[in-house]
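Below is one structure, written out as structure tokens, with a few remarks after it.
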Amino acid sequence: MEHNGSASNAGKIHQNRLSSVTEDEDQDAALTIVTVLDRVASVVDSVQASQKRIEERHREMGNAIKSVQIDLLKLSQSHSNTGYVVNKLFEKTRKVSAHIKDVKARVEKQQVRVTKVETKQEEIMKKNKFRVVIFQEDIPCPASLSVVKDRSLPENQEEAEEVFDPPIELSSDEEYYVEESRSARLRKSGKEHIDHIKKAFSRENMQKTRQTLDKKVSGIRTRIVTPERRERLRQSGERLRQSGERLRQSGERFKKSISSAAPSKEAFKIRSLRKAKDPKAEGQEVDRGMGVDIISGSLALGPIHEFHSDEFSETEKEVTKGGYSPQEGGDPPTPEPLKVTFKPQVRVEDDESLLLELKQSS
């Protein structure tokens, strides 16, 4: 029993030792994990800081690139401007060179003229015979002229050139004043007058004059005829126009009625054939044709309003009385055609009433 108790105590002690060892190991593992995590966090922080620095550097580089691009654009613009200016300078230099050539040609011509003048002056000086006439504005010109003869020449030719040959400036900027002649003045004045006339009769001036005239005429119209009177005149004109249209329409209706009541061409043809066959039946055919034409005209004009019963009764009686008697030859008798005539009667109540009569030709 004692042995068992000691064994159990030893087991408990061993278990306690093992549990203490496992607890120490767990604590050490936790510490190592914490230290590792701290190191990882520090590494991550350093990485994030480096990434932020890299991003800032990238931004700085992008800004620098943009500034460089802007500078390049400015340089290109300035280069294009300088090229344009250089082209203008080249053109100006070409013009200046051409002008210089012209000036050189003029100077050469002047030199030729100067040499001619010098030769003439030398000839005159050799002859020593020339006249000098001086005109002044206020003082009248003398009648007699002074003539210099046998003038003593100076000893040196250089002194003579200085006295009689003043220095001539041959600069290209020198301007010469030439007096205009009377014809040139007249031409200028004529051109100025023509220009003034053209300006006076130009389109703009003519339009302005038209506008002013229209305004004046409108003012005069308003003074002469007031707007109320003008409106009344317009209304009266419209009324007259409407009455004229009504009259025209009534005339057209009257023409249509007359044309519809006129005898047709077929009636005339039948009448002419019957006249050729039987000249005695001329009167009957005339009445018959008139009746047929009036029937057609009455249909065009309008419906018949009233029929007289007495006339219808008389016609019926005549038709019943008149029988068809057989002829000797045994042939059936040919019935005579009915004669239809219309007699227009004008009444107070109905203006367009027509009277129908049916008569049998005997």
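Cβ atoms are placed via backbone N, Cα and C, with glycine included.
Checking Swiss-Prot for region 'Disordered' across the ranges 1-24, 145-168, 169-192 points to 1-24. For the annotation phosphoserine, the record in Swiss-Prot points to Ser353 among the listed residues Ser42, Ser46, Ser144, Ser353. Helix first, then strand, then coil: DSSP counts for the compositional bias 'Basic and acidic residues' (230-255) stand at 26 helix, 0 strand, 0 coil. Model confidence over the coiled coil (100-120) stands at 91, taken as the mean pLDDT rounded to a whole number.
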